[in-house]
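Enquirer: TrEMBL feature annotations, pasted as is:
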type     : residues             : note
TRANSMEM : 29-49                : transmembrane segment
TRANSMEM : 61-81                : transmembrane segment
DOMAIN   : 70-143               : domain 'Peptidase M50'
BINDING  : HIS81, HIS85, ASP183 : Zn(2+) binding site
ACT_SITE : GLU82                : active site
TRANSMEM : 87-105               : transmembrane segment
TRANSMEM : 117-144              : transmembrane segment
TRANSMEM : 156-177              : transmembrane segment
DOMAIN   : 159-205              : domain 'Peptidase M50'
TRANSMEM : 208-227              : transmembrane segment
TRANSMEM : 233-251              : transmembrane segment
Amino acid sequence: MTPAGPLPREDDPAAPRTGSLRLGRLGGFPVFLDRSWFLIVIVVVLLYTPVLRRTVPQIGAWAYVLAGVFCLLLAVSVLLHELAHAWAARAFGWLVSHIVLSLMGGHTSFGTTQQSWGASFVVSVLGPVANLVIGFGGWLALGLLPMQGLSTVAEVGIVLIEMTSWANLFVGVFNLIPGLPLDGGRALEAVAWGLTGRQHVGTTVAAWAGRLIALAIVVAVALTGLWQSLPVVVLAVMLAWMLFSGASAGLRRSRAAQAMEGVRAGQLMEPAIAVPGTTSLDKVEALLRESFDNRAGTAVPLGPVAVVALDHAGLPTGVATPAQVTSVPPAERAGAVLSTITDPLPRSASIRPGLSGIHLLEVTAGAHLSTFVVVDDDGTPLGVLRAARLNDVLRGAGLIP
């Protein structure tokens, strides 16, 4: 498929900025480890060290180390889960930005791509399928291994395989539950999207399903007496919180998608002039004045709201407002060039006029910039889009104050 927005790259602001450690590239995708993952390590070690001590009592304090090994096996399982998403997405022509392993397990971030409900369904379910394959594969391997006369090392290995297999089966089945933010919720979203033809309707359906499932988990633990088990309570609280907060985020996204429906970057862009960054400021000022004069009395009397600096290839590298140009003392403008006063632009600041709807909002929100340059397929600037214009749309829908 042809992307409607900027191509992601490793230094793109859409990639994790803080709180993440870059692990490298795997399968062609940048992989990051969020520092929140270490909280999961602590929880897993505390919960599973007693289990390992009861199961293999002769290991003693080594149970802590083996619980840490179990954490690494879980991380590998999560990574394979996310790679399944990423490889499937790439097969459908989606732009895969990066993979992050985090407190909530992990997630795969996609670049701006025109998606279909069918592709979304397949990409969603293949992650849990990968976990089920690992889980069943582990149990198949256990059936082929001898279980008598084992050494301590072999016994520990079998216990770790059992624990990893059970964990993957649980993650695979749990993730297929039809409620956001789970993969099953994404699949439900895709089905409802396909039936209604409107993605935000599917998101709303799946988000409310996620909220109800979160409530059901809490009620089930309370009514069945499982609340007497601390590990169960900790797990239930974490899962319910993850589901409810993720589902609530899905509802907000759905409302934003509805507000942005049919809104294109080309509709919201404002006039700008684009000149080489080496242009002197007195010439830039003259071009601004000329542009204002030419528009006076026309149907579009508004003059340029920005000046875009271009590199030697004609691609945007920075942006400045007319006020920034005129703030330089007149006597100094002839000796100063545009690039000295522009705010640098990352590649993600260049968007295409056809970028629309929720994808437009996600790209601009993820870049954390106040101004974007709308460019054609060749990278030639057509105008600028200020984030304030998008805020006006959301404000009109009552989504922000």
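The backbone N, Cα and C atoms fix where each Cβ goes, glycine too.
Explain the structural surroundings of these features, please.
Expert: Beyond its flanks by at least six residues, the transmembrane segment (29-49) meets 10, 15-16, 19-23, 63-64, 67-68, 70-71, 74-75, 79, 83, 86, 96-103, 108, 163, 231, 234 of its own chain at Cβ-Cβ distances under 8 Å.
Sequence-distant neighbours of HIS85 (Zn(2+) binding site) (same chain, 6+ residues apart, CB-CB distance under 8 A): THR108, VAL123, SER124, LEU126, GLY127, ASP183. Under the DSSP three-state reduction, HIS85 (Zn(2+) binding site) is assigned to helix.
Taking the Cβ of GLU82 (active site) as reference, residues of its chain lying under 8 Å away and at least six apart in sequence are, in sequence order, ILE99, LEU101, GLY106, HIS107, THR108, GLY127.
Tertiary neighbourhood of the transmembrane segment (117-144): same-chain residues 77, 80-85, 87-89, 92, 94, 158, 161-162, 164-169, 171-173, 175-176, 183-184, 186-187, 189-191, 193-194, 199, 202, selected by CB-CB distance under 8 Å and a gap of 6+ residues from either end.
Per-residue pLDDT, averaged across the domain 'Peptidase M50' (159-205), gives 94.
Long-range contacts of the transmembrane segment (208-227) within its own chain (CB-CB distance under 8 A, at least 6 residues past either end) are made by residues 177-182, 185, 188, 233, 236, 239-241, 243-244, 246-248, 250-251.
Note on the transmembrane segment (233-251): residues 43, 47, 104, 174, 179-182, 185, 189, 203-204, 206-211, 213-215, 217-218, 221, 226-227 of its chain, located 6 or more positions outside it, place their CB under 8 angstroms from a CB of the stretch.
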Enquirer: Taking 8 Å from the centroid of the Cβ atoms of HIS81, HIS85, ASP183 as the cut-off, which other residues in that chain fall inside it around the Zn(2+) site?
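Expert: So the extra residues in range turn out to be GLU82, ALA84, THR108, SER124, LEU126, GLY127, PRO128, ALA130, ASN131, ASN175.
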Enquirer: Excluding near sequence neighbours, so keeping only residues 6 or more apart in the same chain, what lies with its CB under 8 A of HIS81 (Zn(2+) binding site)?
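Expert: Sequence-distant Cβ neighbours: GLY105, GLY106, GLY127, PRO128, ALA130, ASN131, VAL171, ASN175.
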Enquirer: With Cβ-Cβ distances below 8 Å as the criterion, list the same-chain residues six or more beyond the ends of the transmembrane segment (61-81) that contact it, or say none.
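Expert: The answer is 26, 31, 37, 40-41, 44-45, 48-50, 52-53, 99, 101, 105-106, 127-128, 130-131, 134, 156, 160, 163-164, 167-168, 171, 175.
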Enquirer: Would you count the other CB atoms within 10 A of the CB of ASP183 (Zn(2+) binding site), including those on all shown protein chains?
Expert: 26
